[in-house]
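Feature annotation from Swiss-Prot assigns ATP binding site to K12, F60, R88, T94, R105, N115; the stated evidence is similarity to another entry. Taken from Swiss-Prot, the feature ubiquitin cross-link applies to K100. What Swiss-Prot records for H118 is active site, pros-phosphohistidine intermediate, and it gives similarity to another entry as the kind of evidence. Summarising the annotation, Swiss-Prot assigns phosphoserine to S120, S122, S125.
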Amino acid sequence: MANSERTFIAIKPDGVQRGLVGEIIKRFEQKGFRLVGLKFIQASEDLLKEHYIDLKDRPFFSGLVKYMHSGPVVAMVWEGLNVVKTGRVMLGETNPADSKPGTIRGDFCIQVGRNIIHGSDSVESAEKEISLWFQPEELVDYKSCAQNWIYE
């Protein structure tokens, strides 16, 4: 599909523990995006430190790494037209208090430190995050039979 891009989405330990994995995947599927990579993992501290390297000088960095290491994470790669931008809209604001109802964080979160989900904020970030969490052979390229009903 022309102009298709990929994004990295991770359901954080609080989202996993609260049983929201299916609901989150359902929202991305119903929107029309295609799941091309999926892992259920206990992320290492080294992986998390690399993932959040841009935040390393922030006072909450060590707490964020500890929290993300506290339980399993669902790491995903989604593909589709404008999936990075649209995915961020679907997630809502980083601070759930600023998120609108109908967004994932607006519907399921209260505090910024437990905002259940991560989504790439740019195509460049998505490429970096995908390569950090997935090997190329772990991404599955296939044609969805629904594609012709979603895209012109």
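Just so you know, glycine gets a Cβ as well, placed from its N, Cα and C.
Here the CA atom of T94 (ATP binding site) lies 9 Å from the CA atom of the residue listed as 'active site, pros-phosphohistidine intermediate'. Here the C-alpha separation of T94 (ATP binding site) and S125 (phosphoserine) works out to 16 Å. Using CA atoms as reference points, the recorded positions K12, F60, S125 were checked against K100 (ubiquitin cross-link), and the closest is K12. Residue pairs drawn from K12, F60, R88, T94, R105, N115, the listed ATP binders, are separated by up to 22 Å at the Cα level. The shortest Cα-Cα distance from S120 (phosphoserine) to any of the binding-site residues (K12, F60, R88, R105) is found for R88. Taking Cβ-Cβ distances under 8 Å and a sequence gap of 6 or more within the same chain, the neighbours of R105 (ATP binding site) are L91, G92, E93, T94, P96, S99, N115, I116, I117. Rounded to a whole value, the Cα-Cα separation of F60 (ATP binding site) and S125 (phosphoserine) is 20 Å. K12 (ATP binding site) and S122 (phosphoserine) are 19 Å apart (CA-CA, integer value).
A distance of 18 Å separates the Cα atom of K12 (ATP binding site) from that of S125 (phosphoserine). Residue with the densest Cβ environment among the recorded positions K12, R88, K100, H118: K12, by other Cβ atoms within 10 Å. Listed in sequence order, the residues of the same chain lying 6 or more apart from S125 (phosphoserine) and placing their CB within less than 8 Å of its CB are F8. Each of the recorded positions N115, S122 was scored by the other Cβ atoms within 10 Å of its Cβ; the lowest score goes to S122.
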